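Q: Have a look at this one before I ask anything.
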Amino acid sequence: MEQDDVTIREQNFHSQVREYIICFLLFAVLYIVSYCIITRYKRKTDDQEDEDAIVNRISLYLCTFTLAMSGGAVLLLPFSIISNEILLSFPKNYYIQWLNGSLIHGLWNLVSLFSNLCLFVLMPFAYFFLESEGFAGSKKGIKSRVLETFVMLFLLGLLILGIVWVASALIDNDAASMESLYDLWEFYLPYLYSCISLMGGLLLLMCTPVGLSRMFTVMGQLLVKPTILEDLDEQIYCVTLQEEALQRRLNGSTSHSHSQGSAHRLNKELDVVRDQRNKLARRKKASAWEKNLLYPIVMLILLTGTTISVLLVALNILYLLVDETAMPKGSEDRGLGNTSLSTFGLVQAVVDIILMFYLMVSSVVGFYSLRVFEGLTPRKDDTTMTTIIGCCVSILVLSSALPVMSRTLGITRFDLLGDFGRFNWLGNFYIVLSYNLLFAVVTTLCLVRKFTSAVREELLKALGLDKLQLSNSPTDPESGKLSANGHQKTL
């Protein structure tokens, strides 16, 4: 009997060690990838080892950790879904025994814990530490900046605590709920994270439809469009002449000592013309299959993915009206590897995972396309640490809300595990139904507006209203572009 107890304890010990090793390896991979991404966009500084360099390095490590947690939050549902299908297909395979429910639940809990830590502690610390200078009258150095940062964090924590306490008192003026707010770890932090998750879900609801329509423009800029009734040689010749004319004007302005503003404007025009010439040269060098086959296939894939997403949301609205288990918080935990949550098995699971990644990429594209967040757009080798902190916080909020949004919209039927499934608003039928309706309606309107923009421009021209600029704003990069021969492109 004692040997059996020892054997069980040994098995539990080895299982725990194995799970820790797997979690560490996954985190190490995410951390390395995140570090490469951030250093690609971070502004290059001198190698001088001064106080600001140390502060920047610490902030860089914290931002890398936060971006790694964002990647972990994005991969939670795909990894869980594919693990469930693998366990169903190979239930007795010895080599996949490490893939079990304990590991999956542990990953969900760790991602939830460290997402809270990054959002409420590490990122505010990185920002205040970067902006701190030390208290007046104190000795300058790292210690004084750390002290000022902790004081600012303490004051920020008190402010957030008071705001949430007052908001809870206004929404639910109940003695039990008021007393539960005094329990910091068991109620207050999950309640605060639930509010942040709701804000992240609303941000996804605002960014994803815009990103789904914007993806067609982005892919159109990355790929080579088909050449239909266009003479690329003539366009390259015209652009080359324009570039030479601008170069002569620039040389003349420098020789005659004109104003710096005029020279700066000519330099900007010259950069635009050179960029246009490079794009035309790339279109000319592209192969026939890249121009005539790859572009239509990619556009068809984007349109298919968007259509399937809207159809799944429409079906989920019907399920919500007739079945209570369609609620994100109304389903029971079926356990990992016990039953398939996909009607068509592994094929549907792969489609669900592809749609999740597509929605995440679209939400990021839509986030940076909004005018409010244009200032956070990272630039290669020219992004300040303050901007990187803002980007990491934004991506963390979006990625943490992605599993909740995917389950709320019915993209997948996999149950939310850990603290992700305990959000209070997930049990509110009207919030969930309104979320689905808004997503379907806004996405449809964005796509209709996207694909009818050329038709609307032609109608405005026919009516003589094109000079009023009703359809496109002056800052729209796709409007007002002139081709090499001076004619405005409408398609």
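Indices start at 1 and increase along the chain as displayed.
Just so you know, glycine gets a Cβ as well, placed from its N, Cα and C.
Keep in mind the model is a prediction, meaning the values are calculated, not measured.
The transmembrane segment feature in TrEMBL is assigned to 20-38, 58-82, 102-130, 150-171, 191-212, 293-321, 341-373, 385-405, 425-448.
Give me the lay of the land around each of these features.
A: Residues 38, 41-43, 56, 59-60, 63, 66-67, 69-71, 73-74, 76-77, 115, 118-119, 123, 126-127, 130-131, 196-197, 199-201, 203-205, 207-208, 328, 356, 359-360, 363-364, 367, 373, 375-376, 378, 411, 416, 420, 423, 426 of the same chain, all 6+ positions outside the transmembrane segment (385-405), place their C-beta atoms under 8 angstroms from a C-beta of that stretch.
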Q: Counting only pairs 6 or more apart in sequence, are there at least 3 Cβ pairs under 8 Å between the transmembrane segment (20-38) and the transmembrane segment (341-373)?
A: no
Q: Please work out which recorded stretch in 58-82, 102-130, 293-321, 425-448 has the most C-beta pairs separated by under 8 angstroms from the transmembrane segment (341-373)?
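A: Answer is 58-82, with the largest number of Cβ pairs below 8 Å.
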